[in-house]
Amino acid sequence: MWATPDGRLGLTAVVVAHSVMVGLMVMTPVHMGAGGAHDHGPTLRVIGLVISVHVAGMYLFSPVVGWLADRFGRTATVGLGGALLLVAALVAGTAPPGAAWQLGVGLFLLGVGWSCGLVAGSTLVTESVTDELRPTAQGATDLLMGLGAALAGAVGGPLLAGGGFGLVAAVSAALVVPLAVVWAAQRRLR
């Protein structure tokens, strides 16, 4: 799959989207709880609502994302996903712990950006290889996606402790750079 431009873009999209999503998502409840409910910070119910809005963004629009990938192309949908991941990092990363609405919007956009990357990226991966290689290619993609997410989750805590949620968001946004490079190269080929 790495041998073809579509395969490279698909693999990069899946790994980056999932890593950015996990990096921001897992640190959001910690960030929101920084003030603590006793200090008039968000309650666990509000934190749960923000995460629920995020999960809705991940899955609620999947059929629409699939339609976009079919209608406007997988490459365009990956580009949309990358842009949404960047906007999500900006919106969420500038939110103070008590700004549940801003974090909710940021995480909703993060979920939709993730969906664009995963749906269009996975499609590019499977379309870039022969039928016989599809299960292996998808399995390898899932493994790399999981490793990227594990790394993003593992470094999220130290980043949050060392520089705050803004640093977590900035590093997450920086992860989109490789996707942008591969995406731009793919666009030049078309």
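Cβ from N, Cα, C; glycine included.
Remember, TrEMBL labels are computer predictions, not curated facts.
Values in this document were obtained by computation on a predicted structure and should not be read as measured data.
Marked as domain 'Major facilitator superfamily (MFS) profile' by TrEMBL: 1-190.
What TrEMBL records for 9-27 (among others) is transmembrane segment.
If one looks beyond the transmembrane segment (47-69) by at least 6 residues along the same chain, the residues whose Cβ comes under 8 Å of a Cβ in the stretch are 21, 25, 28-29, 32-33, 76-77, 80, 100, 103-104, 107-112, 114-116, 119-120, 123. TrEMBL lists 47-69 (among others) with the feature transmembrane segment.
Summarising the annotation, TrEMBL assigns transmembrane segment to 76-95 (among others).
Per TrEMBL, the feature transmembrane segment maps to 101-122 (among others).
The transmembrane segment annotation in TrEMBL covers 143-161 (among others).
As annotated by TrEMBL, transmembrane segment applies to 167-185 (among others).
Averaged over the domain 'Major facilitator superfamily (MFS) profile' (1-190), the predicted model reaches a pLDDT of 94. A Cβ distance under 8 Å defines the sequence-distant neighbours of the transmembrane segment (101-122), meaning residues of its chain 6+ beyond its ends; these are 9-14, 16-18, 20-21, 24-25, 28, 31-32, 49-51, 53-59, 61-62, 65-66, 68-69, 74-75, 77-78, 80-85, 87-95, 138, 141, 179. Outside the transmembrane segment (143-161) by six or more residues, the chain places 11, 14-16, 18-23, 26-27, 30-31, 167-168, 171-172, 175 with a CB less than 8 A from a CB of the stretch.
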